[in-house]
Every structure is written in C-alpha cells, then in structure tokens.
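Copied from TrEMBL, the annotated features are:
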| type | residues | note |
| --- | --- | --- |
| COMPBIAS | 1-18 | compositional bias 'Low complexity' |
| COMPBIAS | 562-573 | compositional bias 'Low complexity' |
| COMPBIAS | 574-595 | compositional bias 'Basic residues' |
| COMPBIAS | 673-684 | compositional bias 'Polar residues' |
| DOMAIN | 45-80 | domain 'FCS-type' |
| REGION | 1-33 | region 'Disordered' |
| REGION | 560-624 | region 'Disordered' |
| REGION | 673-692 | region 'Disordered' |
| REPEAT | 141-245 | repeat 'MBT' |
| REPEAT | 253-349 | repeat 'MBT' |
| REPEAT | 351-456 | repeat 'MBT' |
| REPEAT | 464-560 | repeat 'MBT' |
Amino acid sequence: MFDGYDSCSEDTSSSSSSEESEEEAAPLPSSLPIIKNNGQVYTYPDGKSGMATCEMCGMVGVRDAFYSKTKRFCSVSCSRSYSSNSKKASILARLQGKPPTKKAKVLQKQPLVAKLAAYAQYQATLQNQAKTKSAVSTEGFNWGNYINSNSFIAAPVTCFKHAPMGTCWGDISENVRVEVPNTDCSLPTKVFWIAGIVKLAGYNALLRYEGFENDSGLDFWYSICGSDIHPVGWCAASGKPLVPPRTIQHKYTNWKAFLVKRLTGAKTLPPDFSQKVSESMQYPFKPCMRVEVVDKRHLCRTRVAVVESVIGGRLRLVYEESEDRTDDFWCHMHSPLIHHIGWSRSIGHRFKRSDITKKQDGHFDTPPHLFAKVKEVDQSGEWFKEGMKLEAIDPLNLSTICVATIRKVLADGFLMIGIDGSEAADGSDWFCYHATSPSIFPVGFCEINMIELTPPRGYTKLPFKWFDYLRETGSIAAPVKLFNKDVPNHGFRVGMKLEAVDLMEPRLICVATVTRIIHRLLRIHFDGWEEEYDQWVDCESPDLYPVGWCQLTGYQLQPPASQSSRESQSGSSKQKKKTKSQQYKGHKKKRKMPVGKKPVSLSSLPMTGGVRRSFSGDEELTPPPYRTLPAQTALEAFPPPRTSQEFSPSLKTVTTLQLKEELIDGEDYSFLQGASDQESNGSANFYIKQEP
C-alpha cells in the first residue's frame, strides 16, 4: 500500500507585483489667506474657528460638524480612505477639474472656498505622503499566522447562524481526523494522508499529520470546508493512495497497524459533509431581482433597487434610477433594511417613487417569502406612542447609544425614531426600527450597564440624568415591557476574533474583535483602528462572519490597519477618550445625513426579534452524526490503492425597569448594576429597578 514513496518535493509559487506610476502636479501656493464671506471669518486649511476642510475629499463644512476631535475629515469613510490608494486619485481628479463627489455637491456651498480648500488639501497631501505609502497589503495577511502569533481565539462557526454551515457545524472540534493532501511527498501524483485538528479558528483548522505526535514542525492551516478535505475512509472508497509524509516515513515499519491503533474510536467528518457545505452556499437571491431598500441619502424612506450580484449571501444592490449602475448599496440578504416590493405602502413607510415607469427587461420582483420575517406583535393593548423616549443605537454613528424619541408608529410593529437634538426639520433623518429590535433600549439601559449614553446635542446639564430630562421635556419613557429582552445563548466571548462588516462603508469586511458583551449586544473593534471606529451590533447580526468566511466565499478581506495608517488618520496627538462629564460637542448625524456617497449603516441592527430564517433550509436540521471508527472499520478503510490517478475535486468548494410617567419632585431612584462585560448568554435583569 505504501510502496513507491520517495523524497518530498515542495511546490513553490511566485507572485508578481505591479508598479504604479506617479504623476507630477504643478506646485501650489504655500499659504492661503483668511477669507471673509457674508460677514463671517474662515481660516484655512484647518483653523480653530469657522470652517474646516476634509483632508480626503476636499469638502468644506462647519468645523464643529466634522468627524472626531481633530476635525481633519468629514466622515469615518474619508478618515479610513485617507490611507488607501484611492486618495491620490481623488486629489488629482479635483485638481484636474473633474466633477466633485456627491458629498461635495451637497455640502459645498461656496465655490471660492471650495477651490481654496482643494489647494489646502493638496498641501496636506504632500506633507503626509510618506505616511500613507506603508498601507497594509491585503495579500500579506494570513489568519493562521495572525491567530498563532498572538494566541488569539476565534468565534466558533456555530455563533453565526446565517453563515454557511452555521446551523449544521455539528461536533467539529479538536482531535477530529480528516484526510488531506500530503504535501510532504515527492510523488508525481496527488496523494493523501490523515491529519488531526489541533486548533479551530472559524472555518480554518490547524492540522497535524498523523505520526508527528507532539512535533508541530509541519503543522498547517486548512479550511474545513475546502474541496480537498475529506472524512477518514474517503481515500479507500475513491481509490486514492494514502502515503505517509517523507519526514516520518521511516518512523514506523507497519503504518497500517499504526493507523488502526490511532483511528479506532476517533471522530471524523460525516460522510455528507461536503454536500452540506455545497447546499449551505446556495442562495435564493439572484441577480435582476427587485427589492425595496433604505435610501442611503434619506434614512426615512425606501427606494427600489435591483440585485446586481450575490457573494456569500451578501447583495450588491443598485438603485433602479442609477443610469451608470454606480449608485449602489451593500447588505446581507437577511438584513432588516431590504423588503419585498410593496412593503413600504403596506406599513405606511415613506417611499421614493421611481422615475422609471416600466420594469426593465429581465428584472422581476423578489418573492416575499425570501425576506427575513419579523416577530408578530400585538399593538391593540399598551403600545409605543409618539413622543415616548428611549435609548437607541445611532445608525450613523454605531459606536454611540443616544437619547431618542419615537416620532411615528407604523403598522406591523415598526417605529420611526429620531435622535434628540440632531433631527432635521423635515424628518428626513428618522430611521425605522422594529419594536422587537435589539438595537432599541428602555430609558436607563446605558447607565445600569455602564455604557456611555450620548445626550442630545446642545444639552448642557451634565452629567445627563434621565429623570431631569423627562421632566424638562414633559415626556414619558416607553414602557419597559415592550422591549425585546430575549438573550440567546450566542456563544460569543470577549476577545474572540471574527470578520465584520464596516457598516459605515458596508462594502468592506474587516478583521475584528469582540471587546464587550452586554447580554445580546456586542461591541466590535476593528483591529488596528482607534476605538472611535467601534460598532455596537446584535449577536445575531448578519454582518458578522466566522474567521475564514471571506476566503470561503471569495470576498475581499480588509486586514488590520498598520501603525502608519493609524497615525495618518488620527493626527499627530493621541486622542483622549471622552468621559461622561465632558460636554457633547455635536452629533455626527448632522454631518453625515446629507452625504450622498456615505451609505447608511443600519445594516448591523436587526429589526427582527424572532427566529431568523435560514435560507439554506437548515434551521431545524439536527447536526449530522459523527462517525466513530471501530477496529474492523479502520481495517477496511485502508485497502491497497486501486489507482494512483490524481483526485480532481468536483465540489466547490432586557421586567424590572418601570419609570413613572408622572415624575414627582424629590423622589429618589437607585440603579442596580447589571452584568457589564460579562459573557451573558441567558436572560437577566439588566434594566433599572425603581425603588420607592
């Protein structure tokens, strides 16, 4: 069976690199004057008063509305993009007189000011050019090396029910045996050997060939869902040779007896594992399907969009009126932001009518049953009412939970919510959450869970106290019993690694870490970036994925930011963390709302409170049984090979809070501290308890 093996030869691959040519630009004035416009004084490029200029896109706006304390960028997107390869192209486009970006069209009101801002931007670019050249190469990032070198732990696949194999991962764990290609061999044909799982990181497994025992010299990372990984016994059934690695081929004289002893009673993959992988990667959404999706320029309404492409269940949607098909929006097919055609009319939601009176050829409405269903609620009894106060994750600044107000009650349990102190006069920045959404909270949630609550813009009575605010505004708090308090056993732990969508730029998926767990609420930190970029998301968000998801689906993964990238986006001085006693300087929503280029970032906030549907049909599937190998089975698994032909794979692979609606002066309230930063996976009393 093992005759004919020789010394091992390893394949080597070479990669080619492309060089980018740099264009010379004419020198610009080294300084810019102070400009007076309509009686106001503006200083440039980034004076301490008046207006400011975005160092990425050249947009001019009110300084207080700019992003972060440094006021260098107009948005999170520009801050991150500053260190990317697109910066230079953006600058050259403006200097060459090309049309401005959509952000510039909306916010750029003074042509002269804009031109001067562009000059200032160019100067800033020349000064920071050296810092931006050391951006991290995506191709240079490897999850296995990243996990090993830092002893990280990845979130298990079972935490992601929407991901492939999320509901049928079964008992895949350490010590499970598999058959994989033997790379420590010099035979001209592809041969296999048995390996055991040493460590799991999402879809990836650290494998060690049988026979190496405690020697980790040839350990290697491999995707469990790859096309070349099989259950023990596959080679025997397929006529593929099992050949021990060259490094240890002389270690045993009877490899057959060794394998029988090692594999008897061991676990391996279920026989139909590869079939289930293939089935779990079939998605019901197809190109040319029409859907209703949130308008990224006006949160309060939806628009018709067409599915352009589907990658791993993520949809690239192009708004129907986009002639050049560049006005797009990314989200997952389970996202609460997409709905069937006619949904807006059925619940009373605002909808932008399309200028297209007739469907384009080949476009068709998506069947309603493909969309995630929300939990049915009874609105006939005590229910949410307009004007009630609550706390909500700001969809345009996902690192904050803000004071919010219910502005409109829609049908089927949907609510239109506005952030206090930052709402547009026409309500164009209201956003829609379902009543069961885990992204809205009763009054006092942040305080009891030690989360910093963002007060209304311009509110000066700090620290913020809900009881004072309710009395001052003549408002009442939404009843606690109406909020979703279900906490699933999600399995996440602080410090776990995963791949997460940057919801301020939803086409990007980045290396991320779970840094806080408040029951079902997770705080996601993007590795290599400042905490101001963190996002609060639900544990069942369809925008979180296991380690290795991008590799499995062919999606581009964004690696951790390098030190130089962080320096370029955060400025020369280290930003200090804002404390509760500091005055809130301004809400990001006012800055981001009119930005046409900025996609809305609601997609991480599921509106559904019920059981999420599995489009692969696996929601009620029992995990496949794992076979154990008795002695006789192990013997039958290794007959002499019938052929030495190379295998060609065919498989592609939240009730204790009760605030009185009428507050009486002089009443005292105490707060019970909840489980903050705990691995809280069960129900808990994590709201405020009122004491007489």
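Note that Cβ sites are derived from N, Cα and C of the backbone, with glycine treated the same way.
TrEMBL entries are annotated by machine, without manual review.
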Worksheet item: What counts of helix, strand and coil residues does DSSP assign across the repeat 'MBT' (464-560)?
Response: 19 helix, 31 strand, 47 coil
Response to the item:
Its residues classified by DSSP, the repeat 'MBT' (253-349) shows 22 helix, 36 strand, 39 coil
Practice prompt. Pop the mean pLDDT for the domain 'FCS-type' (45-80) in here, whole number is fine.
Written response: 66
